[in-house]
Amino acid sequence: MKGNIGIAVFYMLLLLLPTDSIGKKMEEEQEKLFRQKRNPLIPAIYIGATVGPSVWAYLVALVGAAAVTAANIRRASSDNHSCAGNRGWCRSKCFRHEYVDTYYSAVCGRYFCCRSR
(Lines of atoms letter the chains of each structure in order from A and count residues from 1; the text may use other names and numbers.)
(Lines give C-alpha, C1' and ligand atoms only; values in the text may rest on other atoms or scores of the structure.)
Protein backbone atom coordinates (compact mmCIF):
# COMPACT_ATOMS: atom_id res chain seq x y z
CA MET A 1 0.00 0.00 0.00
CA LYS A 2 2.80 2.41 0.92
CA GLY A 3 4.57 1.58 -2.33
CA ASN A 4 1.48 2.53 -4.34
CA ILE A 5 1.19 5.90 -2.58
CA GLY A 6 4.85 6.60 -3.26
CA ILE A 7 4.46 5.76 -6.92
CA ALA A 8 1.33 7.93 -7.17
CA VAL A 9 3.14 10.90 -5.57
CA PHE A 10 6.10 10.36 -7.90
CA TYR A 11 3.89 10.41 -11.01
CA MET A 12 1.99 13.43 -9.73
CA LEU A 13 5.26 15.33 -9.34
CA LEU A 14 6.25 14.35 -12.87
CA LEU A 15 2.97 15.79 -14.14
CA LEU A 16 3.05 19.04 -12.17
CA LEU A 17 6.70 20.12 -12.37
CA PRO A 18 6.91 20.84 -16.14
CA THR A 19 3.93 23.24 -16.07
CA ASP A 20 6.06 26.01 -14.57
CA SER A 21 8.75 25.71 -17.25
CA ILE A 22 6.13 25.53 -20.02
CA GLY A 23 4.52 28.74 -18.72
CA LYS A 24 7.89 30.53 -18.66
CA LYS A 25 8.65 29.39 -22.19
CA MET A 26 5.30 30.68 -23.46
CA GLU A 27 5.91 34.06 -21.79
CA GLU A 28 9.36 34.28 -23.40
CA GLU A 29 7.87 33.53 -26.83
CA GLN A 30 5.21 36.23 -26.37
CA GLU A 31 7.86 38.78 -25.35
CA LYS A 32 9.94 37.81 -28.38
CA LEU A 33 6.97 38.33 -30.71
CA PHE A 34 6.24 41.70 -29.08
CA ARG A 35 9.84 42.83 -29.60
CA GLN A 36 9.80 41.70 -33.23
CA LYS A 37 6.59 43.57 -33.99
CA ARG A 38 7.32 46.09 -36.72
CA ASN A 39 5.53 49.31 -37.50
CA PRO A 40 3.73 49.52 -40.84
CA LEU A 41 5.48 51.51 -43.54
CA ILE A 42 4.36 54.93 -44.68
CA PRO A 43 3.10 54.79 -48.29
CA ALA A 44 5.67 56.36 -50.63
CA ILE A 45 3.19 58.90 -52.00
CA TYR A 46 3.13 60.70 -48.64
CA ILE A 47 6.90 61.01 -48.05
CA GLY A 48 7.92 64.67 -48.28
CA ALA A 49 4.37 65.79 -49.07
CA THR A 50 2.04 68.34 -47.52
CA VAL A 51 -1.20 66.69 -46.47
CA GLY A 52 -4.51 67.84 -45.08
CA PRO A 53 -5.62 67.37 -41.47
CA SER A 54 -7.61 64.20 -42.13
CA VAL A 55 -4.74 62.49 -43.95
CA TRP A 56 -2.31 63.65 -41.24
CA ALA A 57 -4.50 62.11 -38.54
CA TYR A 58 -4.68 58.85 -40.51
CA LEU A 59 -0.89 58.67 -40.89
CA VAL A 60 -0.26 59.48 -37.23
CA ALA A 61 -2.69 56.72 -36.22
CA LEU A 62 -0.99 54.32 -38.66
CA VAL A 63 2.69 54.80 -37.80
CA GLY A 64 2.96 57.45 -35.07
CA ALA A 65 3.85 61.13 -35.00
CA ALA A 66 7.61 60.58 -34.80
CA ALA A 67 7.67 58.48 -37.99
CA VAL A 68 5.48 61.00 -39.82
CA THR A 69 7.78 63.87 -38.82
CA ALA A 70 10.87 61.85 -39.77
CA ALA A 71 9.38 61.27 -43.25
CA ASN A 72 9.15 65.08 -43.69
CA ILE A 73 5.37 65.05 -44.03
CA ARG A 74 3.92 68.48 -43.34
CA ARG A 75 0.38 69.20 -42.23
CA ALA A 76 -1.62 71.93 -43.95
CA SER A 77 -4.26 73.91 -42.11
CA SER A 78 -6.87 72.71 -44.60
CA ASP A 79 -7.16 70.35 -47.55
CA ASN A 80 -6.42 73.29 -49.89
CA HIS A 81 -2.67 72.94 -50.59
CA SER A 82 -0.21 71.89 -53.29
CA CYS A 83 0.09 68.30 -54.46
CA ALA A 84 2.07 66.19 -56.96
CA GLY A 85 5.38 67.80 -55.98
CA ASN A 86 4.08 71.38 -56.44
CA ARG A 87 2.81 70.53 -59.94
CA GLY A 88 -0.83 70.56 -58.84
CA TRP A 89 -3.23 72.02 -56.31
CA CYS A 90 -5.84 70.39 -54.07
CA ARG A 91 -9.28 71.76 -54.89
CA SER A 92 -12.87 70.69 -54.44
CA LYS A 93 -13.46 71.15 -58.19
CA CYS A 94 -10.85 71.45 -60.96
CA PHE A 95 -10.81 74.28 -63.48
CA ARG A 96 -11.50 73.60 -67.17
CA HIS A 97 -7.80 73.65 -68.08
CA GLU A 98 -6.97 71.09 -65.37
CA TYR A 99 -7.51 67.38 -64.90
CA VAL A 100 -7.89 65.25 -61.76
CA ASP A 101 -4.73 63.32 -60.95
CA THR A 102 -6.16 60.29 -59.14
CA TYR A 103 -2.73 59.06 -58.02
CA TYR A 104 -1.92 62.19 -56.03
CA SER A 105 -5.48 62.88 -54.88
CA ALA A 106 -4.79 60.67 -51.87
CA VAL A 107 -2.80 63.49 -50.24
CA CYS A 108 -5.68 65.95 -50.70
CA GLY A 109 -8.09 64.37 -48.23
CA ARG A 110 -11.61 65.22 -49.37
CA TYR A 111 -10.38 67.32 -52.34
CA PHE A 112 -8.91 66.36 -55.72
CA CYS A 113 -5.38 66.95 -56.99
CA CYS A 114 -5.89 69.24 -60.00
CA ARG A 115 -3.02 69.47 -62.50
CA SER A 116 -2.64 71.50 -65.68
CA ARG A 117 -3.14 69.67 -68.96
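Any Cβ shown, glycine's included, is placed from N, Cα and C.
Listed in Swiss-Prot for this protein:
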type	residues	note
DISULFID	CYS83-CYS113	disulfide bond
DISULFID	CYS90-CYS108	disulfide bond
DISULFID	CYS94-CYS114	disulfide bond
SIGNAL	1-23	signal peptide
Relative to the Cα of CYS83 (disulfide bond), which of the disulfide-bonded residues CYS90, CYS94, CYS108, CYS114 have a Cα no more than 10 Å away?
-> CYS90, CYS108, CYS114
Rounded Cα separation (Å) that holds between CYS114 (disulfide bond) and CYS108 (disulfide bond) | 10
Rounded Cα separation (Å) that holds between CYS108 (disulfide bond) and CYS94 (disulfide bond) = 13
Take the Cβ of CYS94 (disulfide bond) and count every other Cβ within 10 Å, whichever protein chain it belongs to.
-> 18
Sorry to bug you, but what's the C-alpha spacing from CYS94 (disulfide bond) to CYS113 (disulfide bond), rounded to the closest Å?
-> 8
Can you check which residues sit near CYS90 (disulfide bond), meaning Cβ under 8 Å from its Cβ, same chain, 6 or more apart in sequence, and list them in order?
-> GLY52, ASP79, ASN80, HIS81, SER82, CYS83, VAL107, CYS108, GLY109, TYR111, PHE112, CYS113, CYS114
Around CYS83 (disulfide bond), how many other CB atoms lie within 10 A of its CB?
-> 28
